[in-house]
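Novice: I'd like to ask some things about the structure below.
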Amino acid sequence: MEPNDSTSTAVEEPDSLEVLVKTLDSQTRTFIVGAQMNVKEFKEHIAASVSIPSEKQRLIYQGRVLQDDKKLQEYNVGGKVIHLVERAPPQTHLPSGASSGTGSASATHGGGSPPGTRGPGASVHDRNANSYVMVGTFNLPSDGSAVDVHINMEQAPIQSEPRVRLVMAQHMIRDIQTLLSRMETLPYLQCRGGPQPQHSQPPPQPPAVTPEPVALSSQTSEPVESEAPPREPMEAEEVEERAPAQNPELTPGPAPAGPTPAPETNAPNHPSPAEYVEVLQELQRLESRLQPFLQRYYEVLGAAATTDYNNNHEGREEDQRLINLVGESLRLLGNTFVALSDLRCNLACTPPRHLHVVRPMSHYTTPMVLQQAAIPIQINVGTTVTMTGNGTRPPPTPNAEAPPPGPGQASSVAPSSTNVESSAEGAPPPGPAPPPATSHPRVIRISHQSVEPVVMMHMNIQDSGTQPGGVPSAPTGPLGPPGHGQTLGQQVPGFPTAPTRVVIARPTPPQARPSHPGGPPVSGTLQGAGLGTNASLAQMVSGLVGQLLMQPVLVAQGTPGMAPPPAPATASASAGTTNTATTAGPAPGGPAQPPPTPQPSMADLQFSQLLGNLLGPAGPGAGGSGVASPTITVAMPGVPAFLQGMTDFLQATQTAPPPPPPPPPPPPAPEQQTMPPPGSPSGGAGSPGGLGLESLSPEFFTSVVQGVLSSLLGSLGARAGSSESIAAFIQRLSGSSNIFEPGADGALGFFGALLSLLCQNFSMVDVVMLLHGHFQPLQRLQPQLRSFFHQHYLGGQEPTPSNIRMATHTLITGLEEYVRESFSLVQVQPGVDIIRTNLEFLQEQFNSIAAHVLHCTDSGFGARLLELCNQGLFECLALNLHCLGGQQMELAAVINGRIRRMSRGVNPSLVSWLTTMMGLRLQVVLEHMPVGPDAILRYVRRVGDPPQPLPEEPMEVQGAERASPEPQRENASPAPGTTAEEAMSRGPPPAPEGGSRDEQDGASAETEPWAAAVPPEWVPIIQQDIQSQRKVKPQPPLSDAYLSGMPAKRRKTMQGEGPQLLLSEAVSRAAKAAGARPLTSPESLSRDLEAPEVQESYRQQLRSDIQKRLQEDPNYSPQRFPNAQRAFADDP
């Protein structure tokens, strides 16, 4: 292409330019080139030196991408530093929907449907070929052959998170630059005196390879209307550019099946502080360019309330465009600062120093939204995942790839925000292909290039009889041998010895498969059993990756089975539903007929899918529901999507069709009070009574779980077979040493210390065991829990009932505000005292839990602890539902409100999705509530009710204590429907331990001699005052400014400890904090320090220090702080 000289000036120009090129490995190279050389020629000139082909180079200067047809001198880069990043070459045309079977990733999600259209001003953001998401599909045989899964999670050099942050910032800077260029070229702004356009234009627009998600508008003419945060389009488009790199037309030689990432070195690639400074300087320049538009922005918004645009349509459009563009620029600018704000440089390190981050990127990663689903599906695209598969299969037709192109597929799926990359369906690797009838194990390698997790895995359980175009044939009978149970048992022992792989044998396959998308459905009955195990296997593998990586994960999902539409051989996004019914299969070798259950409705299937993926199949309605080829749904971290798949998979090997798998039981009772992260289930049935897994010994189950988990944990650096604690695991990955330490940030008080104890003693295997109803981990932790409660809960006192009640009150005194805040915005049943009701209820429940922990020493400790948690959960839900007049929406609002308050700092989209899921699950639980009204009416307290015989003492203890109900309910309330049913089958929960309220009340009244001298209604009030004054929660000293604004009466009643003015107290406190001991006895040291002359000298020194500080503090004003002035500045 010839250079464009239209912008050349008549000014005398130098003959040569010295250009410095900095690459992502922090190396800077200097090139001297001719001044008339254009950018494209310059790229070719430096290609050999930087080892990056010219078509993959992207040169960035001051946040702008250098255009190939411009001359270098137009950008004024002489003597300046240009940043070079590598990207995939732009496509010259769109793929045709199916490429030449090399396993490439160019097929669009809709199997060749055209990409989403873009606005005229839109720009496609090229992305550096790392640190973003690569999605793909892989297929599993259904003939019972094994699947060898290698999960490699080594980080690529670009995955230095500080480097990723800088690259992200540079990308957003480029986006802002594009918006500024558009604003600077608007004629109406120039007429108003706006800045003149610079020699800048949007980056080149390589043709899109995948359709844009429905919810995303990538910098269109109205960018402010985009629903998605800025990183979404960038990351989505990164996939667009990585995918074409794998296109067979651009990749020389036969490529292996699946994407082939560019080779990287293993050396760390941390950026230097100087690079950070350059980015900040560029941001400063952008802010200065934005200032003129901001001024106009202020003017337009200032007059927007009253401006009349009736006769000025053009002016209105111009102002609206300005508002949109400036608003979008501010959003990108703010997100850029957010991405950079966590970068730090530790000056204590030895040179050369580099940047590090103080908060993981997942804190800011925003999921994309699939609006086609029944509820929005969040998809996190913040990392790179490449999935490659190799194996043998019948050779495809020359032009057919995994998703066969055809109108059937396009009609059966909907546009999605993900790019489906077929990695296991491509042509066989080089070499002679075996006969079609031969089936070998497939190897699926999932390469995860970041500690930050991924998320898109499409899985299709492929029929072994696939015909040459990817068309599955219909088997005529069960293909699985009767010995699948033995096969599984033989495979499992290999787990600990081969920690880098997981070997899975599939249970009985389905009787029939859907036919080709273009043809009619295959005649025959779809077997729910086989499809259930298909989905279970998909969930096990795909859920496993995300379950342990603490991010949303895509797992298998299918379309409803009432009239299953044709499905492609490769899974893809579902068109309008998120329904899947995963059920346990029949006995191996037995009749493969589904149980004769009526077909559930569409809504039932939706609930089945939601509950099935989050907490296991939901009730009998899910059984036998035929589903089509699995596609997509979402499993949240902290909920056992993987566990459900494991459960179904293991249950398929039992000798009889088992009931639904056990729901996740709650963690130990105290943890329920601690407000764990959103999404972690805290409620469920304690015993797996009568369930399929009961026949599995804990040792066998542990070996299975350990083998599966060791695959990922080994990839993350854990030793094979090690039982690394959750705290150690997170500390090692985060690089921080103060996570889960008592007293550290986020671990305050008793509950924080308890959570720390649990995380330090539980491994991930223990958590899986607990979630499946095995209480052995709790039983093992009994000594530590008992010691912890004795020291932190009772303060070393004897565990008598009165001491336990007093300790509960002390612990909960500061939590009452949470109860009040939680119910402040909902309508409570008239006459009900919701605060007192919850406090007394929680008091009683926690007393029984604490008494059990402190007193129980037998082998029933763990089982009883889970039972107490379940009892408290259901009664709490039933009680508050009654107090809210039976309004489920009000109860859901209370729970979701607490979740939002607890989730400050968590991605808002994720929180919104979580609250939606909680509401759906809560509805199922309440429909099967095992606790009747009679069981909870005794807890209800009404306004003005005379104190019940004893309510007060437990109330107080309770009062403060039960403030934790909300945290507990939010985390625990969303229990699975199966949990409620199991609890119902066990009968009403047992009465709480301890005597009745009346007995306790009577005892309390008898122990208070003054109670008879006052009116009965005053007794509880006086008792509460006595207890609250006796046990005031300590708080740190308050500042002078805070105290000066506090009412005098409140200030006088403050019980917080102020600064210690006595030398003996100050020295003893400092010595205790430092762990120092006096040379003499503490008593003699205290006597010496209490001498009047020493005390007076200390007071004078303290006064002098404060006076000096006040004189040097520019913010101190005697008029504003008169008390400080009188106390310290004036002469005595």
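Using the three backbone atoms N, Cα and C, a Cβ is placed for every residue, glycine included.
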Novice: According to Swiss-Prot, one residue among Ser680, Ser687, Ser1117 carries the annotation phosphoserine; which one is it?
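Specialist: Ser1117, according to Swiss-Prot.
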Novice: Select, from Ser96, Ser464, Ser473, the one residue given the annotation phosphoserine by Swiss-Prot.
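Specialist: Annotation hit in Swiss-Prot: Ser96.
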Novice: Candidates are Ser272, Ser1081; I want to know which one Swiss-Prot annotates as phosphoserine.
Specialist: Ser1081
Novice: Which number gives the other C-beta atoms within 10 angstroms of the C-beta of Ser1117 (phosphoserine), all protein chains shown included?
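Specialist: Summing over all protein chains shown, Ser1117 (phosphoserine) has 11 other Cβ atoms within 10 Å.
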Novice: Quick one: mean pLDDT on the region '4 X 29 AA approximate repeats' (242-636)?
Specialist: 50
Novice: In whole Å, how far is Thr350 (phosphothreonine) from Ser1117 (phosphoserine) when you measure between their Cα atoms?
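Specialist: Cα-Cα, rounded: 43 Å.
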Novice: By a 10 A CB contact count over all chains shown, which of the modified residues listed here is most packed: Thr350, Ser1081?
Specialist: Ser1081
Novice: Could you give the Cα-Cα distance between Thr350 (phosphothreonine) and Ser1081 (phosphoserine), in whole Å?
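Specialist: Pair distance, Cα basis, whole Å: 44 Å.
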Novice: Take the domain 'Ubiquitin-like' (17-92) and count its residues per DSSP category (helix H/G/I, strand E/B, coil), listing them in that order.
Specialist: 19 helix, 29 strand, 28 coil
